[in-house]
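Sequence annotations record features per position, and here TrEMBL assigns repeat 'WD' to 53-84, 184-225, 229-270, 487-519, 530-571, 574-609.
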Amino acid sequence: MTQLTEAYACVPSTERGRGILISGDPKSDRLLYTNGRSVIIMNLQNPLDVAVYAEHAYPATVARFSPNGEWIASADVSGSVRIWGTHNDFVLKNEFKVLSGRIDDLQWSPDGMRIVASGEGKGKSLVRAFMWDSGSTVGDFDGHSKRVLSCAFKPTRPFRIVTCGEDFLVNFYEGPPFKFKLSHRDHSNFVNCVRFSPDGSKFITVSSDKSGIIYDAKTAEKIGGFSSEDGHKGSIYALSWSPDGKQVLTVSADKSAKVWEISEDNNGKVKRTLPPPGSGGVDDMLVGCLWQNDHLVTVSLGGTISIFSASDLDKAPLLISGHMKNITSLAVLNSVPKVILSSSYDGLIVKWIQGVGYGGKLRRKENSQIKCLAAVEEEIVSCGFDNKVWRVPVHSDQCGDAEPIDIGSQPKDISLALQSPELALVSTDTGVVMLRGTKVVSTINLGFTVTACTIAPDGSEAIVGGQDGKLHMYSITGDTLKEEAVLEKHRGSISVIRYSPDVSMFASGDLNREAVIWDRVSQEVKLKNMLYHTARINCLAWSPDSSMVATGSLDTCVIIYEVDKPASSRITIKNAHLGGVYGLAFTDEHTVVSSGEDAFVRAWRLTPQ
């Protein structure tokens with residue numbers, strides 16, 4: 001049996017030049033955001049307590065808790081809204097096709113009966129309000145000509161809806177059934193976000209023209225605005241009211257978050273400017289914010305979530321970060337506690353500490369893309385799509401300087417001899433390249449199309465897998481390879497080969513969903529019929545005591561086989577990662593760590609049956 005012990009969450013999907021509208025549930029103090037097709041529910045008290053809803057067929061854009069906290073409505077780029085329960089397995093209540101394009105914002109009415117959604121509608125309506133149980137439309141929303149970025153429901157009766165968008169307009173609707181009342185054009189650029197105060201007396205709009213305007217909630221008259229002194233120097237992307245309705249949090253492209261005091265005469269003054277999360281690069285632009293109970297949450301363009309305490313703003317914020325894109329490789333360092341390194345193809349390497357979670361990003365001097373990664377205690381070896389291999393020394397959190405090694409063609413796979421890690425084997429399309437330190441000692445054309453390779457820990461033997469499904473075993477003497485044997489069993493192109501830690505066996509996986517465990521000395525098949533995946537095998541890992549092999553596949557499953565038992569007595573982790581499993585590693589005899597397309601890293605505890 002397996003049990004999920006830890007999940008290190010992905011970060012919200014962001015887009016340059018746009019805000020994201022995150023939300024939460026004040027009762028249970030949880031945060032809601034989206035990444036790809038997943039909707040993530042994170043507990044702000046304990047960020048390792050994460051739940052994921054993965055039923056959307058298209059990338060999700062926004063999600064909101066209902067006022068009673070029992071339901072969540074989430075929307076995606078196809079214009080669908082799904083309404084599902086927050087308990088017992090996220091049971092689906094309804095799915096409605098609301099708009100014909102992407103939905104950018106949605107809000108519940110305070111009684112939880114109606115939902116309003118806004119966004120893009122190819123030539124059709126850009127805003128729709130509907131009953132949550134039947135989906136029937138309540139009202140008519142005219143008056144916008146371009147994408148509607150935000151909408152808000154007045155939290156007290158009489159109900160009102162305000163929308164704003166890329167046509168610089170702020171429109172006000174009365175109802176229900178809702179109909180157009182009036183429109184303001186006080187902003188001179190995109191209006192990014194509109195929110196009512198908790199007591200329903202006023203609402204604020206913020207815009208890319210760096211200003212915020214305060215309106216009366218009943219009549220929609222303009223009654224005030226943010227003062228320009230010490231104001232934002234860039235587009236304001238989002239705002240969030242404090243629970244008592246006296247202060248507002250805003251975030252902006254100028255990389256700062258500001259807390260505004262809203263006075264009795266309806267003017268906003270800056271009370272506090274919160275520092276940006278990082279060094280001040282483009283990734284530190286702030287695109288989303290939420291004020292919930294005592295937490296001030298901001299989200300940067302790079303995805304870093306900063307959680308400030310509202311009662312003590314001088315306290316350093318808790319930073320949570322992670323990957324936004326597919327995590328393609330994992331490596332475990334043998335320290336105490338165990339450190340897991342994960343890399344995604346956009347060039348980000350994140351360090352996770354088992355039991356603690358996020359341990360920081362490894363900043364490399366050269367932020368190139370990463371195709372595969374191998375790591376030992378003091379060094380990371382990575383290769384990208386630019387024919388270069390990097391050997392980067394690592395000291396605690398900092399990466400030292402590294403010189404790229406150009407190997408002449410695109411690297412396919414990389415393997416380190418663990419006992420003498422300066423020796424590395426890199427496979428390319430036509431053969432392999434041997435590196436000692438940062439020197440290419442030999443480039444060997446093997447005469448077949450190479451798809452995977454591995455090198456024995458002592459550096460005396462290498463196994464190279466081909467597109468034809470054959471495994472070629474070579475002995476290494478000096479800097480040359482001598483072919484010793486060719487093993488045939490696979491019926492598909494080899495995707496991964498790994499030696500067992502005690503070097504008595506090795507395992508290989510192919511694109512035809514089969515894995516094989518071989519005995520190294522006799523070169524016989526040790527465990528066969530490992531044919532339980534339904535798609536290609538992307539990765540495999542050995543347990544430290546060489547008793548188990550785990551395989552991860554595009555079919556979203558991880559399967560763990562015991563070497564001494566038949567393949568049918570396997571342990572399967574279904575739906576380990578939405579979109580496929582791409583990285584696997586054991587941290588100890590009973591814990592396997594996996595990563596995948598959904599940008600999560602998950603740790604599973606195995607209990608023998």
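The backbone N, Cα and C atoms fix where each Cβ goes, glycine too.
No curator has checked TrEMBL annotations; they are predicted automatically.
The model shown is predicted, which means the values in this text are computed figures rather than measured ones.
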Helix, strand and coil counts within the repeat 'WD' (229-270) (DSSP): 0 helix, 22 strand, 20 coil
Per Cβ pairs under 8 Å, the stretch of 53-84, 184-225, 487-519 packing most closely against the repeat 'WD' (574-609): 53-84
Rounded mean pLDDT for the residues that make up the repeat 'WD' (574-609): 90
Chain residues in Cβ proximity to the repeat 'WD' (487-519) (below 8 Å; excluding those fewer than six residues from its ends, i.e. six or more beyond): 413, 451-454, 456-458, 463, 465-473, 525-528, 530-531, 533-546, 549, 551, 553, 555, 561, 563
Helix-strand-coil residue split for the repeat 'WD' (530-571), DSSP-based: 3 helix, 19 strand, 20 coil
Positions on the same chain near the repeat 'WD' (530-571), where near means CB under 8 A and six or more residues out: 1-2, 492, 495-496, 498-502, 504-505, 507, 509-517, 577-586, 588-589, 592, 594, 596, 604, 606, 609
Spatial neighbours of the repeat 'WD' (184-225) far in sequence, C-beta under 8 Å, 6+ residues away: 19, 21, 149-156, 158, 160, 162-166, 168-172, 231-241, 243-245, 248, 250, 252, 260, 262, 265-268
DSSP-assigned states of the repeat 'WD' (184-225) in counts, ordered helix, strand, coil: 0 helix, 22 strand, 20 coil
